[in-house]
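Visitor: Take this structure first; my questions come after.
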Amino acid sequence: MNKPLIIAMDFKDKQSANAFLTSFGNEKLFLKVGMELFYREGPALVEEWKVAGHQLFLDLKLHDIPNTVKAAARQLASLQVDLMTVHASGGIKMMEAAREGLASGANNNSPDCIAVTQLTSTSEQMMKNELAIDKSLQDTVIHYADNAKQAGLQGVVCSAHEAPYIKQHVSSDFACVTPGIRLSNNSADDQKRVVTPGEASERGSDAIVVGRSITRADNPYQQYNEIKKQWRNET
Ligand SMILES: O=c1ccn([C@@H]2O[C@H](COP(=O)(O)O)[C@@H](O)[C@H]2O)c(=O)[nH]1
């Protein structure tokens with residue numbers, strides 16, 4: 001990966017999403033389609049944006065029994081997206097099943113598959129009190145990342161806080177895709193583990209995912225370029 005800045009296209013429908021994209025002109029982007037937009041618009045919008053030349057991250061966070069995940073991944077592979085997600089808490093067999101499903105459904109290149117370790121909206125306190133996980137957040141994320149590596153996935157979704165530890169304890173070339181990105185004057189909203197684009201870069205993130213800081217900005221294109229500049233250390 002070459003320091004991608006992935007835009008989280010969390011819009012209610014295709015019309016609002018495409019209205020947002022008009023300010024980017026013909027620029028080719030890396031777009032993340034999540035549950036909100038996919039459940040409304042389905043594969044057609046993904047195909048439309050692929051044809052328009054954008055890279056696509058389909059973030060549906062599959063989490064089910066291995067057989068079901070394998071079959072779902074087989075369907076998603078035919079969409080020829082670049083990246084997709086599963087939840088690491090589904091276990092190694094489920095992640096292996098996702099990889100097998102992608103391989104069997106792809107015409108040529110299968111999409112990269114990465115596993116969500118702990119959502120960036122989760123705090124250490126919440127993990128212990130609500131989720132009843134006794135390990136520290138950092139150790140849990142490293143453990144899940146190690147499972148994802150064993151399952152043959154290409155990387156994980158984590159916060160940039162954990163990225164250096166994953167590089168150190170799992171593998172330096174295991175991809176860390178990090179949401180929870182905010183400029184220093186932005187609200188964290190529902191995110192708990194946030195960093196600035198510059199901090200994500202310093203901590204070794206391979207790609208950042210940014211939604212509301214761009215999509216809700218007064219001038220999304222200007223904000224996108226400001227975040228890109230900080231993320232890529234361009235002065
Ligand atoms: O741990 C995770 C996994 C996925 N996400 C997704 O990233 C974006 C972040 O949006 P912001 O508006 O920049 O907070 C969103 O689509 C999430 O579904 C995440 O935030 N954390």
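Cβ coordinates are placed from backbone N, Cα and C, and glycine is handled just like the others.
Quick paste from TrEMBL:
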{"type": "ACT_SITE", "residues": "Asp59", "note": "active site, for OMPdecase activity"}
{"type": "ACT_SITE", "residues": "Lys61", "note": "active site, proton donor"}
{"type": "ACT_SITE", "residues": "Lys61", "note": "active site, for OMPdecase activity"}
{"type": "ACT_SITE", "residues": "Asp64", "note": "active site, for OMPdecase activity"}
{"type": "BINDING", "residues": "Asp10, Lys32, 59-68, Thr120, Arg182, Gln191, 211-212", "note": "substrate binding site"}
{"type": "DOMAIN", "residues": "4-227", "note": "domain 'Orotidine 5'-phosphate decarboxylase'"}
Visitor: Determine, using Cα-Cα distances only, which of these active-site residues is closest to Gly211 (substrate binding site): Asp59, Lys61, Asp64.
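Guide: The smallest Cα gap between Gly211 (substrate binding site) and any of the active-site residues is with Asp59.
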Visitor: Would you mind ranking the recorded positions Asp59, His63 by how many other Cβ atoms sit within 10 Å of each Cβ and giving me the lowest?
Guide: His63
Visitor: What's the CA-CA gap between Thr120 (substrate binding site) and Lys61 (active site, proton donor) in angstrom, rounded?
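Guide: Spelling it out, the Cα of Thr120 (substrate binding site) and the Cα of Lys61 (active site, proton donor) are 14 Å apart.
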Visitor: Among all protein chains shown, how many Cβ atoms are found within 10 Å of the Cβ of Gly211 (substrate binding site), not counting that one?
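Guide: Result for Gly211 (substrate binding site): 19 other Cβ atoms within 10 Å.
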Visitor: For ligand 1, pick out the recorded positions Asp10, Lys61, Pro66, Thr120, Gly211 that have a CB under 6 angstroms away from one of its atoms.
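Guide: Near ligand 1, sequence order: Asp10, Thr120, Gly211.
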Visitor: Measuring Cα to Cα, tell me the gap between Asp59 (active site, for OMPdecase activity) and Asp10 (substrate binding site) in whole angstrom.
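Guide: It is 11 Å, counting Cα to Cα.
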Visitor: Just jot down the residues in the same chain as Leu60 (substrate binding site), at least 6 apart in sequence, with C-beta under 8 A of its C-beta; none if empty.
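Guide: Looking at Cβ-Cβ distances below 8 Å from Leu60 (substrate binding site), excluding near sequence neighbours, one finds Gly34, Met35, Phe38, Leu76, Met84, Thr85.
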Visitor: Just how many other Cβ atoms lie inside 10 Å of the Cβ on Thr120 (substrate binding site)?
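Guide: For Thr120 (substrate binding site), the count of other Cβ atoms within 10 Å is 25.
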